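Asker: Attaching a single structure in structure tokens format; questions to follow.
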Amino acid sequence: MSGIIATYVIHDDSHNLTKKAEQIALGLTIGSWTHLPHLLQKQLKQHKGNVVHVEELPQQEEVNNYLGKKVTKGIIKIQYPSLNFSPDLPAILTTAFGKLSLDGEIKLIDLTFSDDLKRQFSGPKFGIEEVRKRLHVHNRPLLMSIFKGMIGRNIGYLKTQLRDQAIGGVDIVKDDEILFENALTPLEKRVRSGKEVLQSVYETYGHRTLYAVNITGRTYDVKENAKRAVNAGADLLLFNAFAYGLDVLQLLAEDQDINVPIMAHPAISGAYTSSKLYGFSHSLLLGKLLRYAGADFSLFPSPYGNVALEKKDALQIAETLTIVDSHLKRSFPVPSAGIHPGFVPFILRDFGNDVVINAGGGIHGHPNGAQGGGKAFRAAIDATLQGTPLHEVDDADLHTALQLWGNPSREVKI
């Protein structure tokens, strides 16, 4: 049947999950059923939500203690017919988790789209393979760094930072998500100056680096700002997808004039995903929905750094971004936050080759500057791909980084 199947984790104090599931299925569709006249039931049957799965899970005493009451935990799945909503994410999310998100301890962990509905979403315009083609990098993870400390700094500072990161071997440099339109580094000037620097580095060193510029402004202006960036020569766009909404991301991704990959930043998403009792699962919001909405890259907290996700959650995000789908291109997973070269073996072990290693302080904080930081990461990536333990690598920049931040992979079998 055409539509969506929503999967929820519920903690219910009525202790009747089947009844609760039926109430949700009716409440979010036709409202009631048993008291309807038979003729009206026949008319409304195609609009009725249907419970397709109910499963009770083991009790968790810590949850009962937290809530101050005893609850029954379970998984419920409800099918919502596509006749009830238009084929767009705002309508789908409001149907499956609109007022329901306000109704007690319930968390939306997955949405399964029927094939006909999925075809309404074109997904990433470029995806992993096309990004690799643009960089001419096919056999290793990509390395990305972040502009740090740009607020209050001018274009000259940006050019110096960008040059050092590119010389260090970084593949992508992105704006900080908190760098908005300002008089010192306006959008088009950032793009043109960045392109000039990166072209110079390419001609001198033979290394190609792409620059992801942050697209900001009022929602009404975002599309025009993105086109301004593209017309100025932007390689990639960074977008705070959850500050604006998934539908705005999709609007940008589907515009044929915005012909560059889009990188979705997870800012604000923690308010939706962090609770085990409420909101969305990490894999749904930062994985599946971003991919459907057209993100070519999805940034999310890694399991290793200073804003860590549980490993299973991070891996589920990556899986939903990269699982082969005949309709959707794959998106790059970008585990982030607190990453230094000593974590590289873990990242490759856990996420494989199709991943972007994203570092801020782990590059800029290197004693030899951003050039040294980039070179340390590249040495760590090359060594890991060759099966060489990092402490055995004869590379001065990597050795310095391991001395400064440690080498957690040394004592662990990778």
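Yeah, the Cβs are placed from backbone N, Cα and C, and that goes for glycine too.
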Asker: Could you look at H47, H53, H265, H282 and say which one Swiss-Prot places alongside K148, K174, D175, D176, E177, G338, G360, G361 in the substrate site?
Answerer: H265
Asker: Across all protein chains in the structure, which of the recorded positions K99, K174 has the highest Cβ count within 10 Å?
Answerer: K174
Asker: Excluding near sequence neighbours, so keeping only residues 6 or more apart in the same chain, what lies with its CB under 8 A of K148 (substrate binding site)?
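Answerer: Same-chain residues close to K148 (substrate binding site) (Cβ under 8 Å, separated by 6 or more) are Q161, D176, G360, G361, H364.
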Asker: For D175 (substrate binding site) and K99 (active site, proton acceptor), determine the Cα separation and express it in whole Å.
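Answerer: That comes out at 36 Å between the alpha carbons.
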